Amino acid sequence: MQVTDIGNKENGKIWHRKSNSRKGPMVTVVRSAQQFKTVRFLHVAFDTTGESFITGDHHGNIYEFDIGRNRFRLVQKTGQACTALAFTLRRTSEFLVALADYTVKCFDKDTKQLVSWMRGHEGAVSSISVHSSGRYAITTSSDTAQLWDLDTFQRKRKLNIRQSVGIQKQVFFFFSGVFLPHSNTILSCFSDDSIFAWESDTLFCKYQLPLPDCGPQISYKAFAVTKDGKNLVSAGRSNLLHLWCLENRQLIKVIQMPSQVRTIRQLEFLPDNFDSGANQILGVLSQDGVMRFINIHTCKLLFQIGSLDNALTTVDVSPNGRHIVAVMDNGSINIYCFQSLTEELTQALNSEVVVVKDKKVDQTVPKIKVRSGAVQKSAPSSGRRAQVKILRPTGAFDDKENELPAGLNRKRLVGLLKAFGEYPAKYRMFVWRSLLFLPENYAAYSNLTDKGLHTAHLSLHEKYPIKNQKLQRGLQRVLSALAHWAAIFGEVEYLPLVAFPFVKLFQNNPLLCFEVVATVIVNWCQHWFEYFPNPPLNILSMVENVLAHHDKELLQHLVDCGITSQLYVWPLLETLFSEVLTRDEWLRLFDNIFTNHPSFLLMTCVAYTTCSREPLLQCSQKQDFEYFFHHRNNLDVGAMIKEAYRLSTNTPADIHPKTMLSDFTPLTKEQYPVFNQYPEFIVEYQSREREKIRLQEMEYLRERQELSAMHAEFVRRQAEQETYYAQQELLQKAEEERRNTLAQEEEKLTRQREKLAAMKRELKVKELQLLDASRRRFLKHQQETKASQIEKLDHEIKRKMNLRDQETAAAIQDLEVRQMELEAQKRRLEEHLLKEQEETERRVDDEVEIRLRRSERESESLAQRLHKPNKIIQNQEASLAEACQQHLDLEWEHEVVGRVEQVEAEHDRNRERLTEIQWQTEALENRLTDTVRAAAGKTWEEVVNAKVHKEQIHLSPGKTGHLRKTSYFSNGLPTSNGTIEVNHPSTSAAFINQQQRAEVTPQQQGSTMVCLNSNSPTESNSTNFSLDRCRAQLDDGERELLKEIRELRQKLAARAKEGSSVSSQSVHTLSSPVSHDACVTSVCLVNKTGRSSSTPHPSRVLKF
């Protein structure tokens, strides 16, 4: 068996080498903390696969053990002890933990995160049951049961009860077979043994199981339901198991466990893949820490795990039925393989059942007893003594002496032993128990073990050191129980040699080991203690007599060599052949010893000696004989056993040990027999002497301990004094060395400081040199940068000046071309107007002539009749024509005046904009001048000279702007007398020629130039501006003037037409002839009207 200490590891292997042993657990897992303290594991729970389980310890750590992968890991640290564990079946990585603070938490073992936190219990949660669908879970405490929805982790239902009736446990079960429908039922049991079935959705009580009226109240504490949900097993503070049929809701069977079972703590069904959910094997964990597995139908005790020394506290079975995990009483975890446990059965496989009818038991419910010995069944009787009827299979033997417990027969076993020489290894322990009639007195053995270790065996490990501590403790425990049973066994020195092979063989079952050793002492060690403390001389004499009868030569050789029976018989008996035989040989030998009479052991000693006849005859020294009988030799055990049978058969009755030894007597039940086959006064005397010696030894040890303490104190003080003086000397030497070292270090430090000061000076000089060089380099770089910037500015200024000169020249050329185009347009317009005027005059002349002729004719006819009225009419017409002409002239004058005012307002706004642009330009030029002056380091006089030179270069653009302005305002402005003068083209041409002459002689016109860079107040009133910025405004002004001219022409033409029509109407209305002067006046009026309607000649000046 391997023991794995996980300590403070968070992951690792469960076992380093998988155990192939078929006995005991696969591995034992412990967790040791600091200062060699063991942290106890509390609960375990398997997952749905059955290959891994989780467990919680007392410190709140949750570990996952994966048996399939042989790995374990720490999945959570809760900080407090857990009271219950369970996996959620829907999400396989999540598990539920009930903690000591009455809460239930859900964790994810993969992410190690908290999923949910469920509160609501006012007491510790004792169990968690999860629905097979994984959606619901029910948690149980002493006062309430709560149903939780695992999807939302909200409480769905709560079952409250009175304080006088407590809930023991709830079990979720459902029917998964084909005969009954699927149901969600909560099965709950209360402290009064009442069992109720509730509907999980509504908590409606479906039914109640009837209370058994047989016997006292059991106080159910443990429950188990089969996988198909048809049967329920309940148990409590009794050794009775109640088997219920949930379909019929009746108690169908009462099973009684062995007498050593007083309280049942836990029930677990072992799953089987071939029973369709009708589980048959039930594990029953009792108060003694042993879990017994029985068949609930045949009531056969199959096997068991655990013992009084290795008690179990809780057990969990994997869903696939492959592994069993048990939490031990010492806080460790044992992992069992179910297959290995079933292969090494230590209990009866074909045991029968006794059915007993008792007065207190209901006649409809049979009470079945599970026993390890003989099992009987009796028919019920009505209040009278029970009649027992032994059920024997067909062909049973009539010889009661050959009957053994559990249905075995001695004659059959003897035949089997003669045929094969030994019993099957798988059933050897079972056969031995039957042959020895072991009573299994648990109570009596418990009383012996409760007394503790015997004082005679406290120092057993010093005399018989054993590497295996468990085996050492088992041997010490068995010897102490024997010493408490009989005082002689505390004084027998060879008793450990007798008991050791049985302790090693039954190390997992100390009760059987004790009873086997006691049975061997009572039967096969008869008369051994009569000559105590000497060897049993009577027994040795029996062996010597048998040897003398069968081999006198060998006995004579032994006598001649001075070898007595104490040298060649007693070593074999006191060790029961364990020193001279191997394990298998020893088991084979004791198969025959336990099957035969107790005298067969003595015959075996004679057979061993006679079978070793040749080597013994060659030995002559005492040391050789001692070595031969204390070590293994090359001997055929089968031949030795056959020789023992031959000696037992051929030995005469007078010297046969059988006549001197009594037959086999088994141990009594309930209590072990009294053993007093020894000289009590010697034992008592030795006991008193031993106790006296023990007290003296204790006193001596105490005094020796005190003396040792005093000596140790003296040595300690002496060592302290020596150490003190040595330390003082060392301190003085160290102080001197330290002073010398400090002086040397100070000298070194002084030299280093001088060197450091020199290095600092050098570094300072270098730093200053580097700073000077960098400063000079920086100044040079600044000068170069400034020079390059000034050069760039010069190039930029030159480039801009050239660009402005080019733009100015281009603008002048554009203006000249535009002026030429306007003059050409004016000439074409004048020619067109002259042509139209001539044609109009011609038409008017023709019409006037025609009308004159007509009027002459009419005047001649009317001259006479209308001579006087004609004068009046003529005067009226003249006055009327003059009034009409004045009215027309007045309207035209008002219209022209309004138009001129609009033009003047527009010109004023343009002047203001030009003035603002001029000021902005001057400000920019001033900044540029300051920058250039600062960059180049020039004086203000040089800048002024540069400006004058630039003004001379830009003289042509300034004159062009002035010309344009002058021509723009000289085309039509009102004079001082209120008339509008229209200049002749010759006048415009003369003005242009005059400006050109001014350009030819710039020295004469220098006073009229405007410098853009001048800051004087007189020059600020100039109207010159940059041509490249005002070119678009000049073009717009020209287009507006041309448009105004067209509108004026159209108005003049319309007025001329209206005047001609009025004059014609006035002529036709005349009824009297007019004189020549009147006609002339009319003609003049018509001519005047016609000229006024046409466009006036540019060379004339019209005055109104």
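Including glycine, each Cβ sits where the backbone N, Cα and C put it.
Remember, TrEMBL labels are computer predictions, not curated facts.
Within the listed segments 781-811, 812-842, 936-966, TrEMBL records coiled coil for the stretch 812-842. As stated in TrEMBL, the feature coiled coil covers range 717-776 out of the listed 357-416, 717-776. When TrEMBL is compared with the stretches 35-66, 451-482, 611-642, 1027-1058, the one noted as coiled coil is 1027-1058. Summed and averaged per residue, pLDDT over the coiled coil (812-842) gives 87.
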